[in-house]
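**Student:** Sharing a structure with you now.
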Amino acid sequence: MSTKDALYNGLVFDGAMGTMLIEEGLKAEDCPEKLNIEKPEIIKDIHRLYIEAGADVITTNTFGGNRIKLAEYGLEKVLKEINKNAVKIAKEAAKEKNCLIAASIGPTGKFVEPMGELSFDHAYEIFKEQIKVLAKEGPDFIIFETFSDLGELRAGVIAAKDVCDIPIICSLTFEGERTLTGVTPASAAVVLESLGVEAIGANCSGGPKELFPAVKELAKTTELPIIFQPNAGLPSLKNKKVIYSLNSDEFITYIEPYLNLGVNVFGACCGSTPDFIKKLKDRLKDYSPKKRVVKEEGLLSSRGKVVRIKKDLPPKIIGERINPSGKKKLAESLKTGNYGIIQREAELQIKSGAHLLDVNVGIHSIDESSAMVNVINLLQKNFDIPLVIDSINPEVIEKALKTYHGKALVNSVNGEEKSIKRILPLVKRYGAGVIGLTLDENGIPKKAEERLLIAQKIVNKCLEYGISKDDIYIDCLVLTVGTDNTSPMETLKALRMIKEKLEVKTILGISNVSHGMPKRYKLNSAFLAMAISNGLDLAFINPLEKNIIDTFKAASLLSGRDNNYKYLKLNNKENEEYVEIERNFKPSFKSVKNLLIKGSYDAIEHAKTLLQEGTEPLSIINEGLIPGLNIVGDKFEKGEYYLPQLMLSSEIAQDIFNILEDELRKTKKQSKKGTIVLGTVKGDIHDIGKDMVGVILKTYGYKVVDLGKNILKEKFLEAAVNEKADFIGLSSLMTTTMMEIPKTIKYLKERLPKIKVIVGGAVVTEDFAKKSGADGYSQDALGVIRVLEKLK
């Protein structure tokens, strides 16, 4: 049986490595991966314990084996030795029972652009370096574990595919039904499956109860094997020791629902031991995963939203307005780099009903690649909607596909050999869908039969490159009725033939039919209705045109494709409301607040205008910034906003605050609410959460002294004294460093009894914080603000 087949048939992975190493005496400041060199026998013994417990697969001790993580310990120069030894140790432990080996790869600890400063290319090289070493030693699987950032995970998977043909498993960590960065299980499945991974799943997070909603959504979205490795419940502090809420017997009682879902691969994460794996193995000894049948066709996705294109669903709208052709203001914004108008166009189109957005930035005198990257980052930071990458330049398309975190639609390839050779490899490599134009070296054929032949060529070439029919969208090309009144019917004839004979989806640019004609909306509406009745799947239209949207809804119903009667739901009010196109409102406290909530950079200009008009800076902060940020925080906590929107609004608010602070200094009216020292505790090298807290605290007017990562208790004390701090914020993301929190708090309180200490971090709970002696606890960045306000 191949390793790929084994994933479908069911496997048991091992449990926690870190938990076992702590039992062996691993200290907070120690690097677990260093033991691969210095004490390999400890790692080998742990592997053997899991094998004896019944694990079919053991995982190498390389979770933090990338260059960025190892550099935190000064170990980047021995990266090769650490990763090479890890696979050798695992193989030595497994050889007697022929156990399989999974090479573990963890996150870098940094966000990929646009939420962080790590570029796709840098992340790709970091992962590629580690995977090269691991793959050379011949593990059976590559497993990416505990990821929350889909952009980072895409870079890792593409690096792995470039380096080797070892089956890839991807496991994400979810908070409820999304990751920290807003990735849904469905989006993760769509994006990762398009990249060619062999299994998808969830690990870490909470316990088995907490992960069920995420795994259930995965099971509904993909037929790939699903891996499930939860923590042993939630951590707490007892007798100066970190313990987890579930023992092995309690843990196993939560497994039944996962069997009903058809989960294929089981294991455990933080807090688990070989006894957990033994209980799992016993429970699963007669288990045979049921085959899941997921009836999907075309799937495109952003980080958190999947668009399904199916013959029994209404067609989907692609908003066509982000295109500088014929739009002077938009073209000028691309030249100046002021993208406010693009942000507004995106918002208006989405509110008007667009399911996807086309992005075209092709004008002379600009760097198209840079502009495309900037616009995509702006859009994916602000809006959760799949994008269509529209360019004739393959280099621009590749930059865009690297940048975008979701599964995009590439616009486009045509029947020319040059186009096929340049575009299709990019579509395959980056896991995208593709639009195929029915034209070639001889132009656009007049007859439907000739367009069918070009479409057939494109489809065949896509299949040769490994691109599924579900990812092919053929554009039969609409020509203006002004030059040939038989042309629209020929296009529709081609559309029907392509759907019937090639069994792929179709797409049209509707407004081309009326080019050069009067009252274009009439022709556009009529042609759209005709195209929908002939089976059109995707339509490029202007969603701000009321007549077009009305026609779209009515035609979807009349063609039998609106089974849920959305038309009735959307038209059961006498006074229908449509989005206003013009929004030239005057700068005010309210406009600053509302624009900040939307994550619009226009908020900065409105604040500047108010300042120039003589408005008090503190009034702008108290009446505009703070109320806006409070609403953003509420939306974040309710699950309406996710990390990208939160960080964008915070960054905009920080820019405004910096401008206002300059004025406040002149008048000596600083708006400081207090000083806080931040840092991760001794041994902890993960600072994503702490960095987010710092950004948000600055936005609210706190002075933030960020000490960074792996901070000794003495350094916290020194900074608190020197800065005359009111608060100290401690963070821990690792179970191996949690015990440093109570030690650090005790040390600080003995020397600064009046100092207020707050704690947080992925593994920290409120109960743990109380038992550690903390004055406050927050599970997220926004909660810190409320905690500090209470402690004043």
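For all residues, glycine too, the Cβ spot is worked out from N, Cα and C.
What TrEMBL lists as Zn(2+) binding site is Cys204, Cys269, Cys270. The annotation domain 'Hcy-binding' is assigned in TrEMBL to 1-284. Annotated domain 'Pterin-binding' per TrEMBL: 315-559, in sequence order. TrEMBL lists 579-672 with the feature domain 'B12-binding N-terminal'. The feature domain 'B12-binding' is assigned by TrEMBL to 673-792.
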**Student:** What other residues of the same chain, not counting Cys204, Cys269, Cys270, have a CB atom within 8 A of the CB centroid of the Zn(2+) site?
**Tutor:** Ala16, Thr146, Thr173, Asn203, Ser205, Gln229, Pro230, Asn231, Ala268, Gly271, Ser272
**Student:** Across the domain 'Hcy-binding' (1-284), what is the average pLDDT of the model, as a whole number?
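**Tutor:** It averages 96.
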**Student:** What count of other C-beta atoms do you get within 10 angstroms of the C-beta of Cys270 (Zn(2+) binding site), across all chains shown?
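**Tutor:** Around the Cβ of Cys270 (Zn(2+) binding site), 28 other Cβ atoms lie within 10 Å.
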**Student:** Per residue, counting other C-beta atoms within 10 angstroms of the C-beta, which of the binding-site residues Cys204, Cys269 reaches the highest number?
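**Tutor:** Ranked by Cβ atoms within 10 Å, first place goes to Cys269.
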**Student:** According to DSSP, folded down to helix, strand and coil, what is Cys204 (Zn(2+) binding site)?
**Tutor:** strand
